[in-house]
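A short write-up of the structure that comes next.
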């Protein structure tokens with residue numbers, strides 16, 4: 001009975017001794033605890049600072065994106081609130097012209113109409129200006145911009161005209177240009193004369209914004225270019241001598257419908273030729289049965305109406321596309337040629353970014369040439385400050401020396417402070433094509 005407790009104590013003491021021996025035999029490595037705070041990454045200081053710089057850059061980029069998203073959110077919210085406040089104003093953009101009836105309707109149709117009106121109003125505010133001037137004021141502004149490069153028109157041109165009745169031949173001789181002004185100090189003048197024989201048709205057409213030079217109350221007459229000549233270039237002279245002679249076969253009965261148009265231009269190899277002035281002489285009012293020498297003062301250059309173009313425009317705001325439809329081209333034919341054909345070259349310029357031009361198919365020329373083609377242009381930006389659509393009509397004849405000849409041009413679009421009426425109608429009718437006749441000028 002006494003041996004049991006003694007045995008138990010002996011066993012417990014032995015176990016404790018073994019445990020202590022175990023602890024003593026396997027001591028903990030104290031060097032690891034001392035070196036735990038001295039752990040270092042196996043990279044040089046250059047790599048560490050590079051990683052730190054990249055982290056800071058990513059942080060700043062994320063903060064910038066966050067600030068931009070907050071700014072866009074606040075701007076869109078303000079625009080939406082401003083549009084809702086103007087919903088009660090009398091605006092032609094979303095005025096309902098349909099008949100009003102009394103009755104109880106569900107809220108879905110009215111909500112849809114309000115959304116379309118709001119979207120159209122928003123697009124109109126983004127892509128246009130509050131005031132919508134007429135097409136006449138826009139064309140006059142464009143003419144002023146082209147004439148702004150010519151500060152002052154001075155000088156005169158001396159030439160002679162003669163019609164040989166025996167050979168039915170018209171002879172035009174350019175003698176001299178006097179009194180030209182230097183418009184650039186960096187380069188000298190390189191003048192030459194461009195001569196156009198403009199044949200006037202008997203049909204007068206009504207084109208909005210275009211006035212005939214003979215009188216404001218008369219309708220403009222469509223003209224066509226019978227012949228086009230150019231003199232040689234005289235370099236570095238304000239009083240150039242030419243002495244170039246040109247002639248063509250012309251029936252005597254056509255003289256009463258022909259105007260002689262001479263443009264004095266400054267040749268520029270790397271840019272467009274500058275028109276220094278022009279002179280227009282109606283041959284039907286002159287007695288040119290013998291050589292008649294004339295000297296006329298240069299005037300501000302103007303353009304002639306040579307046709308009409310039926311153009312269709314449609315804007316797709318979701319896909320940011322502009323559809324330009326070339327429907328019909330109306331011109332004047334002095335003679336019927338079976339080999340003559342027309343094609344159009346259309347280019348779009350948005351916010352000083354010129355898009356790739358597109359060409360239409362070639363169609364045989366007649367009084368009214370029908371194309372019925374639609375060309376698509378992808379606009380680069382949402383907010384358009386300037387957008388210009390330039391349509392150039394060319395004539396091709398396999399039998400002629402030149403491969404193509406420019407018939408006329410027209411431009412449609414908007415500027416910062418003004419826009420064409422056709423552009424305004426297009427923005428009022430979103431996703432719907434709007435067709436309108438435009439004058440073709442040269």
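Just so it is clear, glycine is given a Cβ too, placed from its N, Cα and C backbone atoms.
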Looking at 49-71, 72-94, 95-117, which stretch does TrEMBL describe as transmembrane segment? 49-71
Per-state residue totals over the domain 'C2' (153-296) - DSSP helix, strand, coil: 9 helix, 75 strand, 60 coil
Residues of the same chain, at least six outside the transmembrane segment (49-71), with any C-beta under 8 angstroms of its C-beta? none
Restricting attention to the domain 'C2' (153-296), give the mean pLDDT. 87
